Amino acid sequence: MNTEGFNFPWLLKMAWRDSRKNRSRLFLFISSIILGIAALVAIYSLGDNLRQNIDDQAATLIGADLALSGNKAVEGKVKDLVDSLGVERSEERSFASMILFPKGGGNRLAQVKALEGNFPYYGELETIPVTAGKTFRNKKEALVDQTLMLQYQAKVGDSIKIGEVTFAIAGILQKAPGQTGLTSTVAPSVYIPMRYLNQTGLMQKGSRIAYRYYIKYAPKTNVESLVKNLEKRFEAADLDYRTVQSQKEDTGRSFKDLTRFLALVGFVALLLGCIGVASAIHIYIKEKINLIAILRCLGVKASQAFLIYLIQIVGIGIIGSVLGAILGTAIQQFLPVVIKDFLPFTLTTDVSWLAIGQGLAIGTLISILFSLPPLLSIRKVSPLNVLRASGESATIERDPVTWLLYALIVLFIFGFSFLQMRTWIEALVFTVSILGAFLVLFAMASLLMWLTRKFFPTSWSYLWRQGLANLYRPNNQTAILIVSIGLGTALICTLLFTQGILLTRVNLSTSGNQPNIVLFDIQSNQKEAVLALAKEQHVPVNQSVSIVNMRLEEVNGRGPSDFKKDTTDEQSARIFGREYRVTFRDSITSSEKITKGKWEGIYKNDGSLIPISLEQGFADRSRVKLGDTMVFNVQGTMMSTVVASLREVNWGEVQTNFLVVFPKGVLEEAPQFHVMLTHVPNPEASAKFQQSIVRQFPNISIIDLALVLRVLDDIFNKIGFVIRFMAGFSILTGIIVLIASVLISKYQRLQESVLLRTLGASRKQIFTITALEYFFLGSLASLTGIILAVAGSWSLAKFSFEAEFKPEIWPVAVVFFFVSLLTVLIGLINSRGILSKPPLEVLRQDV
Amino acid sequence: METILNLNQVGKIYQSGSRSLTVLDNINFSIDTGSTLAIVGPSGSGKTTLLGLCAGLDRASSGLVELHGTKLNGLSEDQLAAVRNQYIGFIFQNFQLMPTLTALENVMVPLELRGERNIKPRALDLLDKVGLAERSHHYPTQLSGGEQQRVSLARAFSNKPKILFADEPTGNLDAETSEKVVKLLFDLNKEAGTTLVVVTHDLDLAAKTQRIIRIKGGKIISDAPTGLQVSAL
């Protein structure tokens, strides 16, 4: 006798035999997790390929072994230091400037890069013609970004005017190290040889120029350790540095965030699928109770019976995961098309075995984990069930271990989200939100059943009563359908709402008489002439602001070196490395509100500390408080200040907003430039005004907000597409879970529908009952989902985007009707099978 | 003669909230190895409950059930399962074949559970004896009621049980099919020398056994050899 052991081969055989007649159903159960796994494998593969590509192409991202950057030209000892580095060096000076295409008269703000040396040492400036990337350096020629060339329909050989100099266009710039499709749209680059830079006349005092030095080392040099030794000297000279390794880490980090976010979206799809699996297995096992009882009579141990079905679940879990992994790997081939504009490197897609392994492991684990609560009940099936009268329905006892499993499931969700988010708080918020949504939907389902039973409309016609009663009668699918449909709807609506919130913010900025042109880098001696030009062309100047550049030297008597020594103050040390653009005025603007302290608009010049105002968020991030003292360096003059007030700034409005504001009476004589905000009524007037400014004042830069908004819109669309693509998995999973749930309920409703037909109910009557039941379910589920989405989006709007939230009615109404109708439709299609066959045939099939 | 089943002061009480319902009370009897016995009584008299207790499908609330020298009271669920597999065969009113297994596989399961090898010829032989060799690969849904009960017979005898419990074996069959199934049951039983316990309210079927126990209201009201019972009727 072999009943002492598990007799595993026999268990396998039984699992296989028992599955034969249920395979299509088992596949249906597991199909709900296929898409979730596919989403995860696609995202993990993408992450894996990104990492691999970044590793392979890191050197071409930076174009050299070491890049140093600062906001002033290196001189003296620092220059000697830079000149002593590596075996070859290049210098680049870049700044924003208007460029003019004399042929068509078009002008636009571009990033001008004056280059000296043979940069890039790794990768190349990809141009058409190919040789242009090398030849332009020796002539009065420029490389112009392809977006600019396209916009102004320029050709190679045409000319381009930058400041006072006209260059011939040597080639179209397609790709430069570190440049993405997006950066070339926002700030297209123009390369010119360094030796013509002075002639352009754009190197005036106050111009914001970035200086970069690219250094190539001999092969096999350990650049990292060399740089480590020089770190202090670079810092002393205010030079930032990047190495291939640091560039690799930085780039990797940003894309890791993206893939983590997308993996979470995929995980939601998987969770949704798991709910479907759990509910399907629950019904499946309920139907198997009699068979299990027979097995128990024949001498099968409870644990063996449990294992037979566990083996089936593991089997379909693996099959589902394999199918998901194949689908995910296929989808992954298309993801680069979606995100290529965000990438500074070429993305190649290889099959990622690591991602496939992760997908298989998660899929199998999660299908087992979610099937275990219903499977556990097998252990409680008594052999006595076989002696029961056939009409008596068997019941399953709830196992206390089930609660332990629920805890494990919650732990798994938390653990998974923690792995994606890496912070306890965010993982907790995610887990609680998901659980909260489940609970709310489950509570709604229970409430619906309770209300229907309690206030049952006995006066309604039979068909309505029957359809309504199906919601709470035994074997109803109310809870699972409301949870799965509701969650799917909540996801779709949250995406719609979020997109709406973001777009409303952008549109607000562009409506009415809000400024749509920003002029900056206006020198003090040009200010009056620009104002006169604006008046002449009837362009109103909404705002004119003076800006003084300065650097921070001390906070509360401590300099950057003091902060760096104190590792706990890492955040604060960063406030020293940057240049501050500061304005001075005697009042606050409409987009500002004093939150702490007192606004002081005039400095009495009595030798006391200068009272300044800081933006609230900046103060928080920098850990600077009211009353702290700060010393600023304004072109060599030290200014001792005290934080007199903190301001809340609405950055959403088109205004010149500042982190630091000085009072009047201090900076009037300091070197400064000016920014003006204007509103031009139409594109023609805008083009005319911009052209006049560029011709008369080549150093003045113009930002055309209409153009910026178009770019933003493009970015939103692209990001939106990525998110919609991923959310699509959840939505599709929701539909599959819906189909599976409805199909399962078909088995549940089979006897009853057949009986009704036997008693003479027409097809139409049974259809009506079914349609009504699914309409009640679909409409309540989608309504609850929408309410959840409104609550979620409202909190997102309030706490995350700090924007007003006004949900649009029409798209929501469309979602409501679509989901309700889809539920009814799937319910009806599934019932069709039963109704088209004679009752006896159906009865005999379901022994 | 050796005793295979012995019940001593067996009682079964179902608890329903604060109320308790006595289904069986002070049941005492024993069965000799190889004998045949019928338990008869009206619906609700407790005969199926009694069968469940005898076959180790349920536990007695009081008293002692001893099967083939093993006291069932103290055994765990898994130990009971082992006892069923080793010593007991079952035939049920509603056949209780596993719908996802073919006729042959249904017959093979008890043998496979014992870890026996080369069992297919034996299972086929049994199916042949019940006249279903040709239908061995059919699923229960493809068989008539009588055919399903014959498969159930083959399954019951497959593990050469010491004792066979039949719960209303003809309850779901017509008269003609019932007769054939009963003949088959007794023939196979005689050939195997198995102890047979039949629970029924069909007195004709009961009359085919050697001894009849009559129960009513959870109590034994008579226990006598069949000849005496029949003459007493």
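A Cβ is built for glycine as well, from the same backbone N, Cα and C atoms used for every other residue.
Annotated transmembrane segment per TrEMBL: A:26-47 (among others), in sequence order.
Among the features that TrEMBL reports, domain 'MacB-like periplasmic core' is placed at A:27-232. Across the residues of the domain 'MacB-like periplasmic core' (A:27-232), the predicted structure has a mean pLDDT of 85.
TrEMBL lists A:261-285 (among others) with the feature transmembrane segment.
According to TrEMBL, the feature domain 'ABC3 transporter permease C-terminal' maps to A:264-383 (among others).
The transmembrane segment annotation in TrEMBL covers A:306-331 (among others).
The transmembrane segment annotation in TrEMBL covers A:351-372 (among others).
Distant neighbours of the transmembrane segment (A:403-421): 260-261, 263-264, 267, 271, 362, 365-366, 369-370, 372-373, 376, 427-428, 430-431, 434-435; these residues of the same chain sit at least 6 beyond its ends, with a Cβ under 8 Å from one of its Cβ atoms. The annotation transmembrane segment is assigned in TrEMBL to A:403-421 (among others).
What TrEMBL lists as transmembrane segment is A:427-451 (among others). Using a Cβ-Cβ cut-off under 8 Å and counting only residues 6 or more beyond its ends in the same chain, the transmembrane segment (A:427-451) has close neighbours at 264, 268, 271, 275, 410, 413-414, 417-418, 420-421, 471-472, 476, 478-479, 482-483, 486-487, 490, 776, 780-781, 784-785, 788, 792.
The transmembrane segment annotation in TrEMBL covers A:479-502 (among others).
Marked as transmembrane segment by TrEMBL: A:721-745 (among others).
Per TrEMBL, domain 'ABC3 transporter permease C-terminal' is recorded for A:725-839 (among others).
Per TrEMBL, the feature transmembrane segment maps to A:766-797 (among others). Below 8 angstroms of C-beta separation, residues 433, 437, 440-441, 444-445, 448, 463-464, 466-468, 470-471, 477-478, 481-494, 496-498, 501, 742, 749, 753, 756-757, 803-805, 807, 812, 815-816, 819-824, 826-828, 831, 835 of the same chain, each at least six residues beyond the ends of the transmembrane segment (A:766-797), sit close to that stretch.
The transmembrane segment annotation in TrEMBL covers A:809-829 (among others).
With a cut-off of 8 Å between Cβ atoms, the residues of this chain six or more beyond the transmembrane segment (A:261-285) that come close are 22, 25-26, 28-30, 32-37, 39-40, 42-44, 46-47, 309, 313, 362-363, 366-367, 369-371, 373-375, 377-378, 396, 413, 416-417, 420-421, 430, 434, 438, 475, 477, 479-480, 483-484, 487-488, 491, 722-723, 726-727, 729-730, 732-734, 736-737, 740-741, 744, 747-748. When Cβ-Cβ distances below 8 Å are used as the criterion, the transmembrane segment (A:26-47) is approached by residues 19, 255-256, 259, 262-263, 265-267, 269-274, 276-277, 280-281, 284, 312, 316-317, 319-321, 323-325, 327-329, 331-332, 335-336, 339, 349, 351-352, 354-356, 358-359, 362-363, 366-367, 726, 729, 732-733, 736-737, 739-740, 743 of the same chain, each at least six residues removed from its ends. For the transmembrane segment (A:809-829), same-chain residues at least 6 beyond its ends with a Cβ under 8 Å from one of its own Cβ atoms are 481, 485, 488-489, 492-493, 496, 735, 738-739, 742, 767, 770-771, 773-775, 777-779, 781-783, 785-786.
Under DSSP, residues within the domain 'ABC3 transporter permease C-terminal' (A:264-383) fall into helix, strand and coil as 102 helix, 0 strand, 18 coil.
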